[in-house]
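If you check Swiss-Prot, you get these features:
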- His111, His115, Asp304: Fe cation binding site (BINDING)
- Leu134, Leu135, Ser136, Gly137, Gly138, Asp167, Gly180, Asn275: substrate binding site (BINDING)
Amino acid sequence: MIGMGIETSCDETSIGIVRDGKDLLSLKIFSQIDLHKPYGGIVPEIASRAHLEKINLLLEEAMEESEIQFKDLSYVAVTSSPGLTGSLMVGAQMARCIHMVYETPILPVCHLQSHFAVLHLEGVPTEFPVLGLLLSGGNSAIYILHEFGKMELLGDTMDDALGEAFDKVAGLLELPYPGGPHIEVRAKEYKPSPNEKPILPALLRNLPQEEVSFSFSGLKTAVMVLLEKQKELSKERICWNFQNSAFDLVERNLKRAVSKTGIKRIFAAGGVLANFTLQNRLYTWAEKNSVELFAPKKKIYCTDNGAMVASLGYYLFQKGYQRDIDFTVSPSRQEIFS
């Protein structure tokens, strides 16, 4: 079974073509980083315009590389929520056009759920229930995945997402946008002494033991105050301490989620997982605690892409899921829970 995935939820335009939910035939991505870099963040109007300009070309390239025809497609999955409304509409219209011409079934899917489906493109077996850790520019949350298409929120961020915090701290340090890769590089250059004390606070230490929550806005503020009071501190030291404090909270929340649910199998996904310092730390923690943890090995699978949408579509289509042409898109995360 061959399916197409269309991803335009934010600032990547992507078409993916997948066989049986796990074999990649083609993946084309246009990243808008250079378009948004002058503004230090994503500008919705620029994002939707760029999707319009690039999506047809990517579609042609994906079809050519996969050596299939539109009549070979069993379904077209498209991200319908959450995301930037104008951007989502571009992908939705492309899916509708394919449906109208070729009568290909349409599957509007949840962007957040598709991040977890991408792991099956790397051979991770499907076994439920599983904990899902999602860390990206717009999300920092832990879910219980009961099956594809059904996940339960266990803990969310109370303010900024981790990816957003990376960008904001990078801005304070006058590092380029997006901030994640630059902070990771600077942090690797710093070698703390054995008895060195943290210069940034531990996050959410006073929460009840059973509560799973994220909060990163205070960490950004702490960096701002630190820069004002101790101008002599190196960027490398600040980056190392920022990552260490943020990753402490991620690790602590995973520990609480495992304790609370008894589930010892974790899918970790989202753009922040492209930080292999974080991946290595999570794998070390998982091994020590007899937890199975899976994260994308390829950085391209951490970021938004059409292959993950196509992979999720395969499993939903197997269960009989599809929608009429008049489906709607939504910026809201609330619609995904079932």
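Positions of Cβ are set from backbone N, Cα and C atoms, glycine also.
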Same-chain, non-site residues whose Cβ lies within 8 A of the His111, His115, Asp304 Cβ center for Fe cation are Glu7, Ser9, Thr79, Leu112, Ser114, Ser136, Gly270, Asn305, Met308, Val309
Note: among binding-site residues Gly137, Gly138, least Cβ-dense neighbourhood at 10 Å is Gly138
Same-chain residues at least 6 positions away from Gly180 (substrate binding site) with a Cβ under 8 Å from its Cβ, in sequence order, are Gly163, Phe166, Asp167, Ala170, Gly271, Val272, Ala274, Asn275
Cβ density check for Asp304 (Fe cation binding site), other Cβ within 10 Å (all protein chains) comes to 26
Same-chain residues at least 6 apart in sequence with Cβ under 8 Å of the Cβ of Leu135 (substrate binding site), in sequence order, are Ala161, Leu162, Gly163, Val250, Ala268, Ala269, Gly270, Gly271, Val272, Leu273, Leu278
Spacing of the two Cα atoms, His115 (Fe cation binding site) and Leu134 (substrate binding site), in whole angstrom, works out to 8
For His111 (Fe cation binding site), the nonlocal same-chain Cβ neighbours (under 8 Å, six or more residues apart) come out as Glu7, Ser9, Thr79, Ser81, Pro82, Gly83, Asp304, Val309
Cβ density check for Leu134 (substrate binding site), other Cβ within 10 Å (all protein chains) comes to 26
